[in-house]
Amino acid sequence: MKKNNELVTHRKEFTKQFYRHNKWSFVAAITASVLTALGNLVVSWLMQQIIDTASGDAGTFSLLQLAMILLVIVSGIVMVSVLEYYVRPLFIKNAMRQYKDYAFEEMAKKNINAFTGENTSIYISALSNDATSIENNYLAKIFTLVQELLMFAGAFALMLYYSPFLTLVAFLLSFFPVIASVLTGNRLAMQEKQVSDRNESFIGMIKDMLSGFSVIKSFKAEREVFRLFAKSNSAAEEAKCRRRRTETVIQTIGFVAGIIAQFGVFLFGAYLALTGRGVTAGVVIVFVQLMNYVLTPIADVPQILANRKAAYALIDKLAAAIRSNVRKTGEEMEPVLARGIELKGLSFSYEKDAPVLQGIDICFEAGKSYAVVGGSGSGKSTLLNLLMGSREDYEGEILFDGSELREIASASLYDIVSIVQQNVFVFNSTVKDNITMFREFTEEELRDAVNMSGLAPFIAERGKDYACGENGSGLSGGERQRISIARCLLRGTPVMLVDEATAALDAKTAFAVSNSILDISGLTRIVVTHRLEEALLRKYDKVFVLRNGMVEEEGSFAELMERKGFFYSLFTVSQ
Ligand SMILES: Nc1ncnc2c1ncn2[C@@H]1O[C@H](COP(=O)(O)OP(=O)(O)OP(=O)(O)O)[C@@H](O)[C@H]1O
């Protein structure tokens, strides 16, 4: 029950976006729908008047007067159409733009590592196919719904006014279409959700195929991958096919039941007119027309409501995905580190009963530099990721100047720490944009970051407006890493985490870059490294040696070497 309420609250946040700063176009579009419905009803009334006046039955107006009324109505309909032309697309455009903008803003609140662990296809599908479905089946249908319900009520009132008896007959004959609609409506919602789920898998498949294209080619796995593609493609098309079939069934049942009801009224009305029971020819013809206005909503409304339900399911799916892996808002902090970062009894595991870090007690003092070394899988990257606030499900404490990491607001945390990672994402833009991350910095700040990261020769040769290409396709691995280091240096955070940042650089550049990072004074540096180079290791204030998720040894390079323990053997093997 609580979960249901939460779902509805999250959904409301999303549906609110349709109307935010968009109320007037919504009201105008609804007004146009109301006027269209009224126009249609008045046209029916006019038709009855014209037929009865022409066939000699007593009418209230002369033919000339009726022609004048017709002129007024037609002008009115044209004006309403013009209003509709402007406001309906305007409402839908703003609604969808705001909906997607909101979804993106909410996605940006997720944890720093959220999209490395989650299936991202759900978001791509939600902002493409699902959004189109919501636009067509939910938003555009609001106006159809209003128009049809009004026409239904108006037609029913007019029918009662013309002949209560014939209305009763019409009511009984409408029973079939009502049953038919209700029976088929709900199936559609279920099938729409299935279409969305299959689409999501299909997008995931395409994403994998494109990202792993070089692996597929080099392992000659095209056939095998094509088989997977074809399976996923076929499943997505099957789901759409089933939905289309259900739509056809709904339409056919509605059509047949409608014909039975309409002709039943027509024949019965004709009988009443011929036997002189107070029903004119005009009334019979108008009844057939009004029956349309009654039957169309009976056929459409359950389908529209089912589609609304389907759209809600799509919104709920996106809302639930967006609400997971979100860092809760915490306290604001000054962008400084005065004392240091303390880890107290820190333990963490990705999966139950498989600890990756166990009972770690470390103090990183402000302004000093630390190396974290250890064998592959010993938990080095996990430690850095935890310091970046990627997870909150650790045991023990991570204290920044005494404040628990979980309680620090994301914005404050990333003003204090920044990370240079192994895998560098490069945007399809210039080198300068990739270093500044599209923000403004002074020329001097930029020059310093470029010099320290070892990018200066590259920029001197290609210029800072050099286009990096999609995901840095125009750059070497080393150049990408230098961009990442420059990015981090430019941010100027008091804490810099470095995860194997120099792995892709040649030995000489790697040494120069590491050296310049180690020479910055006042910066707290925690560097994960596999490169066990004495000249560099001697520059760290302390080296922490991890083994099976625990701190096996700690001390300066000289102390560790003297101890002749685990580090000593790691170091000597690597030389
Ligand atoms: N997202 C994850 N889900 C589950 N297990 C993970 C995840 N990331 C890492 N692990 C596991 O946690 C352990 C520690 O990994 P981590 O990347 O922290 O080690 P590392 O010391 O940085 O290794 P390397 O030097 O090879 O990069 C490994 O056994 C790894 O398989």
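Glycine too: its Cβ is placed from the backbone N, Cα and C atoms.
Matching 168-189, 300-321 against TrEMBL, the residues noted as transmembrane segment span 168-189.
Within its own chain, the transmembrane segment (252-273) has Cβ neighbours under 8 Å at 163, 165-166, 169-170, 173-174, 176-177, 180-181, 184, 279-281, 283-284, 287-288, 291-292, 295, 298-300, counting only residues six or more beyond its boundaries. Counting residues 6+ beyond its ends, the transmembrane segment (24-46) has Cβ neighbours under 8 Å at 18, 66, 69-70, 73, 76-77, 80, 83-84, 87-88, 90-91, 94, 142-144, 146-148, 150-151, 154-155, 158, 286, 289-290, 293 in the same chain.
When Cβ-Cβ distances below 8 Å are used as the criterion, the transmembrane segment (66-87) is approached by residues 25, 28-29, 31-33, 35-36, 39, 42-43, 46, 49-50, 53, 59 of the same chain, each at least six residues removed from its ends.
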